[in-house]
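**Student:** Annotation source TrEMBL lists domain 'Aspartate/ornithine carbamoyltransferase carbamoyl-P binding' at B:5-144. What TrEMBL records for B:R54, B:T55, B:R104, B:H132, B:Q135, B:L267, B:P268 is carbamoyl phosphate binding site. Feature annotation from TrEMBL assigns L-aspartate binding site to B:K83, B:R165, B:R228. As annotated by TrEMBL, domain 'Aspartate/ornithine carbamoyltransferase Asp/Orn-binding' applies to B:152-301.
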Amino acid sequence: MLNIDSIKNGIVIDHIKAGLGIHIFKYLGLDRADYNVALIKNAESNKLGRKDIIKIENIIELNYDVLGLIDSNITINIIEDEVITKKIKLNLPEEVVNIIKCKNPRCVTSIEPNIKHIFYLVDKQKGEYRCLYCDEAYSNMEV
Amino acid sequence: MLKGRHLIDPMDFTTSELDEIFSLAEKIIEDEGRFKDACRGKLLATLFYEPSTRTRFSFEAAMLRLGGSVIGFSEPNSSSVAKGESIRDTIRTISCYADIAVMRHPKEGAPKLASMYSSIPVINAGDGGHQHPTQTLTDLLTIKCLKGQFSNLTIGLCGDLKFGRTVHSLIKATSRYENNRFVLISPKELRVPDYIRKEVLDKNNIQYVEVERLEDVIGELDILYMTRIQRERFFNEEEYLRLKDSYILDMDKVNRAKEDMIIMHPLPRVNEIDYEVDEDKRACYFKQAKYGMYVRMALIMKLLGVEENA
């Protein structure tokens, strides 16, 4: 197992499905970070077989809806003075606003200025969402 | 309670809320004169962003027969929309003037968006190929008045079942009642979309068959719902010409049907029902148009919350 220093104050994003870590890393802009960050790919996991982990030596703002949408199995650990002070288990959000954009060219979102793109969860198992306006279906895997 | 509600999707109302509307519609049919002042002093705004003479006239006739008044536009070029006004701003402004609004729009979800910013009830009068809930109410009232029930029926749907939104809504709406069976008659290319098959029919264990020839199954049907194969739904002319005449209902076919079968059609027809069929007692599509006006009268009254004996 690769040895990565434990962090003093920051965030550990754990149980990321192997392969998705790089997308989350980029989404959070960590490739441009000027503080310590680590992306661990394909770490061994009892639960998942293989998983990705991101360690961030900083407290940054996270959008749990976006992260839950990318991978609802993620666990977020908040570390203070080398101790886990908060553990957050993510879920698929019931509603997502301005994260997915409706691709249906016939949808009202294609013409109305400054409209909120709203999607609601219709099938938790399949991770299926529908546009609030036109009912166009999206899978969370497309995000 | 229907007062103040919007009607955007045919499934917005429960079956008991629909029953409220249908029983009021039946009272109106029985004694229309009693309702001639029911909406006196009320104003209906018709916001038609694309032409639709039939639906607009039906709504306008409904409001006028209830003693109410109508304002609106029938194509966007004659309104502030031509200056680039957003749907949100239009409905907010109209909410200041009118008591209830009806919207038709070529973009899917436009009436839904309007309803989110409106302080008056919004009725979806068709949003592109998406929803047309008052057509579904029309179809259901026709079935109730002419068949007396919503259950234990064999319902044949014929023509363009792929793009026909009225067909999809009718399947969803009648699937909520017990023991109905569907006979889906269409060319392979225009069969019902997968989501109707999986999410409505299979999911609710509803019996259905998919066939290609109307004459083979017409004898089983209690209701035959014909639809037009719309030219604008095709990607090319060749495809349209190949399929457009596939399903024409003539007296040869009608003669094989049950005596009490009813023939329905959302109108306008092109050539899918031969004019000779109009004289047959089973032809109900013009009655259906009349039921459409009555159900809109009942809907307007319920959403405005006006008293039945006003």
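Placement of Cβ uses the backbone N, Cα and C atoms for every residue, glycine included.
Automated prediction, rather than curation, is the source of TrEMBL annotations.
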**Student:** With L-aspartate as the bound species and B:K83, B:R165, B:R228 as its recorded binding residues, calculate the greatest Cα-Cα distance and give it in Å as a whole number.
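**Tutor:** Greatest Cα-Cα span of the listed binding residues: 35 Å.
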**Student:** Excluding near sequence neighbours, so keeping only residues 6 or more apart in the same chain, what lies with its CB under 8 A of B:R228 (L-aspartate binding site)?
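**Tutor:** Result: B:G159, B:D160, B:H265, B:P266, B:P268, B:R269, B:V270, B:E272.
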**Student:** Averaging the per-residue pLDDT over the domain 'Aspartate/ornithine carbamoyltransferase carbamoyl-P binding' (B:5-144), what integer do you get?
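**Tutor:** PLDDT averaged over the stretch: 94.
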**Student:** Between B:Q135 (carbamoyl phosphate binding site) and B:R165 (L-aspartate binding site), what C-alpha distance do you get in Å?
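**Tutor:** Counting only the Cα atoms, the answer is 10 Å.
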**Student:** Between B:L267 (carbamoyl phosphate binding site) and B:K83 (L-aspartate binding site), how far is it from one CA atom to the other, in Å?
**Tutor:** 33
**Student:** B:K83 (L-aspartate binding site) to B:H132 (carbamoyl phosphate binding site): how many Å between their Cα atoms?
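**Tutor:** Between the alpha carbons of B:K83 (L-aspartate binding site) and B:H132 (carbamoyl phosphate binding site) there are 27 Å.
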**Student:** Summarise the domain 'Aspartate/ornithine carbamoyltransferase Asp/Orn-binding' (B:152-301) as counts of helix, strand and coil residues per DSSP.
**Tutor:** 65 helix, 25 strand, 60 coil
**Student:** Using DSSP, what is the helix/strand/coil residue split across the domain 'Aspartate/ornithine carbamoyltransferase carbamoyl-P binding' (B:5-144)?
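**Tutor:** The counts are 71 helix, 25 strand, 44 coil.
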**Student:** Rounded to a whole number, what is the top Cα to Cα distance in Å among the residues the record ties to carbamoyl phosphate, namely B:R54, B:T55, B:R104, B:H132, B:Q135, B:L267, B:P268?
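**Tutor:** That value is 17 Å for the farthest Cα pair.
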**Student:** When you measure from the Cβ of B:R104 (carbamoyl phosphate binding site), how many other Cβ atoms are you left with inside 10 Å?
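**Tutor:** Summing over all protein chains shown, B:R104 (carbamoyl phosphate binding site) has 24 other Cβ atoms within 10 Å.
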**Student:** Counting across all protein chains present, how many other Cβ atoms fall within 10 Å of the Cβ of B:P268 (carbamoyl phosphate binding site)?
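**Tutor:** For B:P268 (carbamoyl phosphate binding site), the count of other Cβ atoms within 10 Å is 9.
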**Student:** Suppose the carbamoyl phosphate site is B:R54, B:T55, B:R104, B:H132, B:Q135, B:L267, B:P268. Which further residues of the same chain have a Cβ inside 8 angstroms of that site's Cβ centroid?
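**Tutor:** Not counting the recorded site residues, we get B:S52, B:S58, B:A125, B:G126, B:P266.
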